[in-house]
Amino acid sequence: MNTQWDSPSLGRWSLVLLLLGLVMPLAIVAQVLSYQEAVLRAIDGINQRSSDANLYRLLDLDPRPTMDGDPDTPKPVSFTVKETVCPRTIQRSPEECDFREDGLVKWCVGTVTLNQAKDSFDISCDKDKRKVAQLGDVLQKAGEKIVRGLKNIGQRIKDFFGKLTPRTES
């Protein structure tokens, strides 16, 4: 007596289900974006929402922070974009556009998810405030050098007068 477990069609279906089980994780992995790809998608969204005349393109991507492996968890990002010569009205990838000379630079921060299916981001951009911070750093370092230089000069003057001995007449 043959049971339905002995039928050849059940064996084929079992094989198909087994293969599907092996292939599905690969399909899920293929939907995960790289950190840079997620940022580029966010820039596309920024360009779509922007009221500026020209497209923006990635200028600098800050180093990727240490992250967990969950592609659905929002990942912090920080990057700068610069205005290109391409008008927003044309259907062109910003990567194909040259940067505009003296184009506006914006500093963007927020979060992105690496799950391509969710494709979510929360980014806000502002004029590049890091330049002001960098200027502050330069001024602070210059001030520190000036203080060290003045201390050095003061020490030399002190040493000079310390070496002078009064002359005695004989």
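Glycine residues also receive a Cβ, built from the backbone N, Cα and C atoms like all the rest.
Taken from Swiss-Prot, the feature signal peptide covers 1-30, and the record attributes it to sequence analysis.
Swiss-Prot lists CYS86-CYS97 (among others) with the feature disulfide bond, giving similarity to another entry as the kind of evidence. Residues within less than 8 Å, Cβ to Cβ, of CYS97 (disulfide bond) and separated from it by at least 6 positions along the same chain comprise LEU55, ARG57, THR84, VAL85, CYS86.
Counting only residues at least six positions away in the same chain, the Cβ atoms of ALA42, ILE46, VAL77, SER78, PHE79, THR80, VAL81, ILE123, SER124, CYS125, ASP126 sit under 8 Å from the Cβ of CYS108 (disulfide bond). According to Swiss-Prot, the disulfide bond annotation covers CYS108-CYS125 (among others).
Marked as region 'Active core' by Swiss-Prot: 150-162.
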Three-state secondary structure, CYS97 (disulfide bond) (per DSSP): coil
Per-region confidence, the region 'Active core' (150-162) (mean pLDDT, whole number): 85
Collapsed DSSP category at CYS108 (disulfide bond): strand
